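Participant: This is the feature table in TrEMBL:
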- A:Thr158, A:Lys184, A:Thr195, A:Glu281, A:Asn403, A:Thr408: substrate binding site (BINDING)
- A:Thr195: active site, nucleophile (ACT_SITE)
Number of protein chains: 2
Amino acid sequence: MIASASSIQKVTGFNIAAPKGFRAGGVHCGIKHKKLDLGLVVSDLPASAAAVYTTNQIQAAPLFVTKESISKEQKLQALIVNSGNANACTGAQGLADAYEMRSLIAQKLSISEHMAAVASTGVIGELLPMDAVRTGIRTVEAYASLKSSIDFSQSILTTDTVMKNTTYRMALDDKEITISGTAKGSGMIHPNMATMLGFITTDANVEPAALQGALKYAVDRTFNCITVDGDTSTNDMVLILANGCAGNSQLQPQHKEWSTFIEALLLVCGDLGKMIAKDGEGATKLIEAVVTGTEDDEGARKIAKTIVGSPLVKTAVFGCDANWGRVMAAVGYSGVPFNIGSLSICIGPVCVVKDGMPADFSEQDVIDYLKHHEIKIEVNAGNGSGTGTAWGCDLTYDYVQINASYRT
Amino acid sequence: MIASASSIQKVTGFNIAAPKGFRAGGVHCGIKHKKLDLGLVVSDLPASAAAVYTTNQIQAAPLFVTKESISKEQKLQALIVNSGNANACTGAQGLADAYEMRSLIAQKLSISEHMAAVASTGVIGELLPMDAVRTGIRTVEAYASLKSSIDFSQSILTTDTVMKNTTYRMALDDKEITISGTAKGSGMIHPNMATMLGFITTDANVEPAALQGALKYAVDRTFNCITVDGDTSTNDMVLILANGCAGNSQLQPQHKEWSTFIEALLLVCGDLGKMIAKDGEGATKLIEAVVTGTEDDEGARKIAKTIVGSPLVKTAVFGCDANWGRVMAAVGYSGVPFNIGSLSICIGPVCVVKDGMPADFSEQDVIDYLKHHEIKIEVNAGNGSGTGTAWGCDLTYDYVQINASYRT
């Protein structure tokens, strides 16, 4: 699905502040005990903005504020994010707090309020400690440096064990264009977009409506194909800012290099999605399910998500148990029609099911393969030309430990 | 939902063989290492039979055979069950083996083949050790004794830690009627009916089509409202046999005491469902979610199932974490419309959310309550008069351990 075009190169450097005209930073303001908990991204110019949000009916206050900001002009120039407190289920006071965050950062940067977006992640149902937040907004500064972009990436983490950053560069219209993303999320991760924040910056010039379409397309095939535990959060959003500092002619679907931009966006979102799945709470292994042979792509993705979402598959991968019957059962209850007589399943290089029946294979080969840290499960449903991929992680003792004592 | 009518009394005694004209037994034949692994239930007279099956597209061989048997006359006189091997994903040989099991028990009992049902539970994708099964069918005998009914209940277990039995007695048509059930299941438990077997016997005289309707009604409100891990198995069935030995006039929906029979059936299925949820793999606590205030009962059951299915709720209950935000998030992603402004949530006696906002409560009170072994979570969605209940269990280290090494 995500093939790397030769003209798109992965690069390292300033992360979220790598595209021209972006700066970032992060501070500790006191929402958490010690770790960085407030982050800022600034674009020197107003950037085309697009976002997708959680499908949970209960949505946190900052989502309302960000939606309102973007709805005005489809442009943003700043993003303020806190971790440690989700500002969800906090009623009128929570909404007032999110508006105040937006107002304070707009004043600080001398921009209109609707040019700023707000995001939060953390515990649900507690009011933000606004004194700490106010201090944080006063002190946080954004720079185009590697250190400050790392500060931002760290300031948005909760139970994550690692930062998630990725950056690609490509030539478009003979201009050098950079696209970079950073994300957080490791629990309550499930389609669609659960306790997950993803922020993408690019110096490409992109028409706002086209940007929204491109983001939705990419998120459906990446962030929405990962699952850690099947829970869906109240706070998720993926936001993209495109400030045009690269100087290319405006991208939209009729542009001859539109597909290159889509490709790069898929690479960024795919990298971040896999990093989130791999860093799932307590996870020791990334599980990738690649499904082919369904009637359409949507069916393939649905089967793939069912496999990586199955607690029994997840525990079997953790325990290096060659229990392919659990994969087969998951395919069966996915709700997607398939032809059992032509179903095949491979775990890594080992074909375990052929024509719907156990294949002749060495169980030890499967056990040995399952000791790797990246596990691939391939299913051919034998029923068409649809394809889809999903990512998840194993289910371990540590997942239980982390979530049995999250707040204590 | 399940209120105990005063005329229906819970009784102890012969379990599955308690209704008049039923016998049961179980033996160890060698499918498992040591434990009982083959069980038999016999009715002296042909009994009205009804069954519901897994919704998994992949269904094990014995399900085909049992469906075929019941389809002939909607009557059965015998049931043969093995544990330790699911006879699923075993192709033509597996189907032949299931037919042979039916044939052997029919010969032994001198009944028509279609008067026997077959069920299996255990590992997927391995052929039954038919020599052991043949020996078992030769040696197993059914008696109307407590010991032999216990043998049957034990012979159907896999990772279960306890037997699941329940029996009720009532007067109907001035006849004493007994209804008894036994079940197995502790992993891969999910609506609808995952790795779960339920067998119910009654000496009531019930019209077969009415019996099928009654079973479906009861299962939808009990067995299909329990979840352990969200996985759905290939082998599940709930089967009821009604042999008429009580001598009552035939029950059907127009019978004036039909509702008493339904009530008793709900009690039996409800007891078994709760026992399965409580014995979920690695579980230390039963979680009961009671939802009111939805537009209809189906919506209430859906919210209730979402709550007891949430890994984050399950781990919070395990860890005695008063994390009501996770309950709220689960309500939000259940897909059922509700009115957030009138949403209330109670954990046991403590109201934690009122009018969609955190209530003023003592966190310590919730923590103390969560130390109990039966946890009740009540949600009022504030949107109608629908009600529904679902049952699940906490998610623990032992769940991971059991499933990371099921076959080793």
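Glycine too: its Cβ is placed from the backbone N, Cα and C atoms.
Nobody curates TrEMBL annotations by hand; they come from automatic prediction.
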Participant: When the number of other CB atoms within 10 A of each residue's CB is tallied over all shown chains, which of the binding-site residues A:Thr158, A:Asn403 has the maximum?
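Facilitator: Result of the Cβ crowding comparison: A:Asn403.
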Participant: Under 8 Å Cβ-Cβ to anything in chain B: which of these binding-site residues pass, A:Thr158, A:Lys184, A:Glu281?
Facilitator: none
Participant: How would DSSP class A:Asn403 (substrate binding site) in three states?
Facilitator: helix
Participant: Where does A:Thr158 (substrate binding site) sit in DSSP terms: helix, strand, or coil?
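Facilitator: In three-state terms, A:Thr158 (substrate binding site) counts as coil.
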